[in-house]
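Peer 1: Got a structure for you, questions after.
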Amino acid sequence: MLSCSHIYRANHSCTSYLSPIYLHISSLTMQLHSHMSGLVVFLSTAFLPGLCLQRSGSAEALFYRPVLQHNKTIPTTGSYMLRDYAGQPCIKANMGAQYVVTENKTNWYFSVDPSRVSLSGKCSKDEALLSLMLPDNSACLDFTFRKDENNFYVTKLAAQLFPLPVCKGCPNKTYSGILTNQTLFKAAKDKSFKCTSESLLSVSSELRIKLVRLQMQAFGVPDGKFREEDECWADFNHRAVPIIIGSIATGVLLSIVLSFLIIRDRRAPGYERL
């Protein structure tokens, strides 16, 4: 079983940057006249983002490489379910995930496409692992769960990304990082953790992980459905702060009205005895 901590990656080398449409255009153009399969390869690299063409001797093969973007996007929410050896759901997670890479003081973004994710992991009594991996080991995201007497939480988060170079002539580079001995996404053991607000976690100086619309439950998911939610502080603040501000404003307004009425009554003229 592969995870971010155990990936062996070959030294793929792509001559293009930012978009696979530039890969081996001249050689593919020549092949189109004699080989119909060349047309399929060309269309694949042109219209399937992240596919990279590599030559090995006389053969060519496609492999997947994430494409970093300049602009922020909202990552698509994926639903992931891991089962134990008995076939019972032991981890369920809904989330949108985005890698934020800092290169030359510039931020680059890659949003995970849930349809490309391969799921793996393991479940034991007190520890569980959920691993999300993209094709050809081009990216992975590991969540290690632990539980105590009353709660479960993520104790380790590991991430790795092997994207296309961000510029022409830039070298191939792997971005990776890890957070350990953490108490992330903590919830009561009979509940799920939920956070619709953005969570931005720095795993290294060059790599951060953004999670949105997050909900997860570990160490048993009866019927594959989330239990009652423990919400994160960010969601609580977003919900509670407007109520508190509204209550304060209402109190201030009532105080002003009452003060005005009291002052007016005191200034009202009394009746004179005849």
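Glycine too: its Cβ is placed from the backbone N, Cα and C atoms.
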Peer 1: Identify the disulfide partner of CYS195 as annotated in TrEMBL; candidates are CYS167, CYS170, CYS232.
Peer 2: CYS232
Peer 1: Counting Cβ atoms within 10 Å of each candidate's own Cβ, which of the disulfide-bonded residues CYS195, CYS232 comes out highest?
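Peer 2: The most densely surrounded of these disulfide-bonded residues is CYS195.
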